[in-house]
Amino acid sequence: MRASSLSIKNIFRLETLIVLYFLALLFFGKGFTKFPVIGPLYLHDAVLLLITLLAINRGKLVSRFNSIWLLLAIAVFYLVVSLLFFHLPGPIVLMAFRQFNLFLYLGCTFVTFNAVVMTSSDLWKPIALIKLISVLSVVLQCGLLIYGKLFVPNFELFGEGDYNYYSPLAVFGIITYGAMVATYEKNVYLRWIKLILVLFLSTTTGHSSAFLAVFVIILVHLFIMIKPMQRFIALGFCLGAVLVLDFLPEFRDVNASWRLLYWNHVLHNVIVDHYMILGNGFGRPFMTYDFALYLNDALHSPIMIDELYPMARYLSPPHNSLLTMCFHVGLLPVLLLLIPLRRFFVQVLMRSRPADDSVTFLVYALPGCFVWVMFNVILELPHSATFFWLVFLTTAYALKVQDKRATT
């Protein structure tokens, strides 16, 4: 936010509350998202619902990206059907609402975005917020590492199975900071030094997919510099390399194998069992009991077996948030998310770098964010889901504005 908007009379403005909400996610992390208020309601959810209600109360919602409205309507329909016809027992009813949060976080972010970003002149607001979170995330991660080295006994920077990050949102912020460096650092040597440092910083989180997300941002940065035909050739080589690596046992540890087998199981459910168009609804387990036993036999991983972890099959989605969405409402309905991003694909595949650095920043940031949500359980949880949707919506709208300006 601009400094002039931080006066006393504006302290309870919707924009101010949104900034405070994201700062709470960043600085307090799970202490904010898991703080109970009453019954199953947590502080994060209460604050997010309050912000959404205030956005609706403005009475100035802009109708944009109707495909997202349609996806949300389909999700609500599946929730109603699940509650009315699936005969869910008491604890599973609560589980159905918990699974629906995947779409609730999208809906709340979408409503609030449409209330705050009324016109193109408001685009600076979400962009400034994304940059703020990015810079603060890097500062927090560096501070955490210094504190750990100085004051935490036996602190290991790259300990096996260790996750070293201040809050879940900080990982997102490190990823988008990589996009900031690729966009705004004009000195070529400094740019690559900083990008290498961001890559290193991403490895300190303990998540290999965070490193991959920043690496993809660098690839997109290089991708946009070459001609469109060369981009298609490079894309083909990259996809071929991924397929080759997938079949090599050297690149298939137990964790990767578990994830790929789980993805295959859910994809079979979505594509074969539900014909790509139907979903499972809510309050359903993500895998069958027989498949849980198979994972234990094949990989010695008993974490999904009911006798040991009774609710694991309901609580542990397939570590790919987009695939989780497909499980609930079907593959074809989830493809509605691609309609607002059609300009993004045209930009990356066919056009030169945008003249507006803010648009370039978003075009770089979004692929990295997608990598992060496609290899982890992100959009299902409150810790950073709204930040992804903020980047998603801001990118889609910024590219739409860019096209309108180009045609006038």
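Keep in mind that glycine also has a Cβ here, set from the backbone N, Cα and C atoms.
Keep in mind that what you see is a predicted model, and the values were worked out from it rather than measured.
Feature list (source: TrEMBL):
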TRANSMEM  12-29  transmembrane segment
TRANSMEM  35-56  transmembrane segment
TRANSMEM  68-88  transmembrane segment
TRANSMEM  100-117  transmembrane segment
TRANSMEM  129-151  transmembrane segment
TRANSMEM  163-184  transmembrane segment
TRANSMEM  196-226  transmembrane segment
TRANSMEM  232-248  transmembrane segment
TRANSMEM  260-278  transmembrane segment
TRANSMEM  321-341  transmembrane segment
TRANSMEM  361-379  transmembrane segment
TRANSMEM  385-401  transmembrane segment
For this session: Take a look at 35-56, 68-88, 129-151, 196-226, 385-401 and tell me which one has the most Cβ pairs under 8 Å to the transmembrane segment (163-184).
Result: 129-151
Exercise. Do we see three or more Cβ pairs under 8 Å linking the transmembrane segment (196-226) and the transmembrane segment (361-379), pairs being at least 6 apart in sequence?
Worked result: yes
Problem set entry | For the transmembrane segment (385-401), sequence-distant contacts whose Cβ falls under 8 Å of one of its Cβ atoms, 6 or more beyond its ends | 21-22, 25, 48, 64-65, 102, 105-106, 108-110, 113, 117, 120, 123, 126-127, 129-130, 133, 169, 172, 176, 340-341, 343-344, 347, 356, 358-359, 362-363, 365-366, 369, 372-373, 378-379
For this session: Count the Cβ pairs between the transmembrane segment (129-151) and the transmembrane segment (321-341) that lie under 8 angstroms and are 6 or more residues apart in sequence, then report whether there are at least 3.
Result: no
